[in-house]
Amino acid sequence: MAKHPVPKKKTSKSKRDMRRSHHALTAPNLTECPQCHGKKLSHHICPNCGYYDGRQVLAV
């Protein structure tokens with residue numbers, strides 16, 4: 001039967017939490033659409049009105 005590698009020492013809470021310190025989620029950067037004043041992502045087409053950079057790109 002094959003032997004599997006196992007941890008020699010228990011990982012402390014401090015080491016475990018330090019490893020996970022970069023796992024946090026970031027909130028999306030929402031801006032106001034200048035056409036319909038709805039919320040939209042920066043550098044993306046507005047999902048409410050379909051405008052981008054002052055012109056209609058998507059028929060909504």
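Yeah, the Cβs are placed from backbone N, Cα and C, and that goes for glycine too.
For Cys33, Cys36, Cys46, Cys49, the entry in Swiss-Prot reads Zn(2+) binding site, with the evidence type a curator's inference. A coil conformation is recorded for Cys33 (Zn(2+) binding site) in the three-state DSSP classification, outside any helix or strand. In the structure as shown, the Cβ atom of Cys33 (Zn(2+) binding site) sits within 10 Å of 18 other Cβ atoms.
The annotation compositional bias 'Basic residues' is assigned in Swiss-Prot to 1-23.
Per Swiss-Prot, the feature region 'Disordered' maps to 1-34.
Marked as zinc finger by Swiss-Prot: 33-49. Same-chain neighbours of the zinc finger (33-49): 56-58, 60, counting only residues six or more beyond its ends whose CB sits under 8 Å from a CB of the stretch.
Neighbour list (Cys36 (Zn(2+) binding site), Cβ cut-off 8 Å, at least 6 residues apart, same chain): Cys46, Asn48, Cys49, Tyr51. The least crowded of the binding-site residues Cys46, Cys49, judged by other CB atoms within 10 A of its own CB, is Cys49. Cys46 (Zn(2+) binding site) falls outside any helix or strand according to DSSP and counts as coil.
The record gives Cys33, Cys36, Cys46, Cys49 for Zn(2+). Within 8 Å of the mean position of their Cβ atoms, the other Cβ atoms in that chain belong to Pro34, Gln35, His37, Gly38, Lys40, Pro47, Asn48, Gly50, Tyr51.
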